[in-house]
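Annotated compositional bias 'Basic and acidic residues' per TrEMBL: 16-25, in sequence order. Under the heading domain '(S)-ureidoglycine aminohydrolase cupin', TrEMBL lists 47-119. Here TrEMBL flags 1-25 as region 'Disordered'.
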Amino acid sequence: MSDLDLFGFGPQPSGEPERSYPRRDRIIKGRPLRQTWDLLDASLQGARVLSSGLWRCEVGEWAIAFGPTEREVFTVLEGRCRIRRDDGSHEEAGPGQTLHIPPGFTGSFQVLEPVLKVYVIVE
């Protein structure tokens, strides 16, 4: 699909997702299967890339580390998740709630209930 196309997507994605697991050295709890339907990859000015799609994940927790120019905004459609900062504080989101992960963020991503989210990542 071209980044010039107008399109929509909903909570019932079509096609086969990319399946992955967190790297073993990042796992804190469980070994959750992650399924990603990457529906848009578009080049932005300054050699940046915008990606958007749907992401589904089983219960578990793993360490995350965002690069200096990477950021994500996502809205939870189903389930519940928590983003934990290195200092132990956290933000939690359930259906209809949105979180922003800023550039350079380090901490962990915890799936409390199987989650489905729509995401936008800019790198």
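Along the chain as shown, the residues are counted starting at 1.
A Cβ is built for glycine as well, from the same backbone N, Cα and C atoms used for every other residue.
Sequence-distant contacts of the compositional bias 'Basic and acidic residues' (16-25), counting only residues of its own chain at least 6 positions beyond either end whose CB sits under 8 Å from a CB of the stretch, comprise 31-38, 56, 60, 62.
Summed and averaged per residue, pLDDT over the domain '(S)-ureidoglycine aminohydrolase cupin' (47-119) gives 97. Secondary structure of the domain '(S)-ureidoglycine aminohydrolase cupin' (47-119), assigned with DSSP and counted as helix (H, G, I), strand (E, B) and coil, comes to 1 helix, 53 strand, 19 coil.
Across the compositional bias 'Basic and acidic residues' (16-25), the DSSP tally of helix, strand and coil residues reads 2 helix, 3 strand, 5 coil.
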